[in-house]
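**Q** Before anything else, here's the structure in question.
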Amino acid sequence: MNIMDFNVKKLAADAGTFLSRAVQFTEEKLGQAEKTELDAHLENLLSKAECTKIWTEKIMKQTEVLLQPNPNARIEEFVYEKLDRKAPSRINNPELLGQYMIDAGTEFGPGTAYGNALIKCGETQKRIGTADRELIQTSALNFLTPLRNFIEGDYKTIAKERKLLQNKRLDLDAAKTRLKKAKAAETKSSSEQELRITQSEFDRQAEITRLLLEGISSTHAHHLRCLNDFVEAQMTYYAQCYQYMLDLQKQLGSFPSNYLSNNNQTSGTPVPYALSNAIGPSAQASTGSLVITCPSNLNDLKESSNNRKARVLYDYDAANSTELSLLADEVITVFSVVGMDSDWLMGERGNQKGKVPITYLELLN
């Protein structure tokens, strides 16, 4: 029974305090009561903490979007994190693309130029997928986790103490108001005692809040180190991807797009990257087409009408019916035709005949 009486009294006291704060807050808003202002230093610290919280949240959320663009995947990871369980490993986009390329290359045949290239590209895409996974893991651990710890830990503590300071300030101003309204000596003495207590509690809470807020500078320093870790992780990722693509380009013998054949023109010749390097300064780009000084053995052929055997260096798909498609390593017969563009020869394979680009050929003795 005594416990029940105590609980009722406590509930009544809490209700009275809440009502007193509500009245004080309302009168302040209406301009009917004075408000104790916080000192400028404390106000600046509060503003700095609020600003830090807002921008930290924005940076954290956008970094999550950058690392995982799929919103469904982010929600799934969030749920598993709240359940304190590890999210199942899922294949990422580069890895999926890589697998499709490898499967396609296997289907087309690893022995064909296109199939072999697809397999090599697929393997590179898988390496990029692995690098992407490592970037996400490193960034989450070294950058996102510290930011989230601040939002969900340090700032929540600051917000709690700030709210408590606001309540102590309302209690203090309510006590000041009651003292002003007190007329009887006994009531005035009681109000003065209450004011001293509320002032002491307010000062104590202001000091606690100030000490917490001064830790924001340390938070900034910590987040700076985390930012450097994030930049280093990105630098490693992009350097890896660049190296993977550079290696792939070398494997494929890739060449710049302006060296590709123009299907709408017959005056230009596609030049493989490796061959253009071998030719060197003799290759010059002009008005979208490529003019090449032919190797001496091809010049000899142009000056004669004799047929010669030539080995095909690279696969070539005919752009139209006047051209002849080629397969790497096959041997065909070639000869010159009066009036034909200098970058082309006439090729013959059995009953098939058509123009072929000279840069795809190696004349045989």
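Glycine is treated like the rest: Cβ placed from N, Cα and C.
Values in this document were obtained by computation on a predicted structure and should not be read as measured data.
So Swiss-Prot lists these for the protein:
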- 155-186: coiled coil (COILED)
- 27-261: domain 'BAR' (DOMAIN)
- 305-365: domain 'SH3' (DOMAIN)
- M1: N-acetylmethionine (MOD_RES)
- T145: phosphothreonine (MOD_RES)
- 1-37: region 'Required for membrane binding' (REGION)
- 1-30: region 'Membrane-binding amphipathic helix' (REGION)
**Q** I'd like the number of other C-beta atoms within 10 A of the C-beta of the residue listed as 'phosphothreonine', please.
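**A** Taking every protein chain into account, the count is 13.
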**Q** Where does the mean pLDDT land for the coiled coil (155-186)?
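**A** Mean model confidence (pLDDT) across the coiled coil (155-186) is 86.
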**Q** With DSSP as the yardstick, break the domain 'SH3' (305-365) down into helix, strand and coil residue counts.
**A** 3 helix, 28 strand, 30 coil
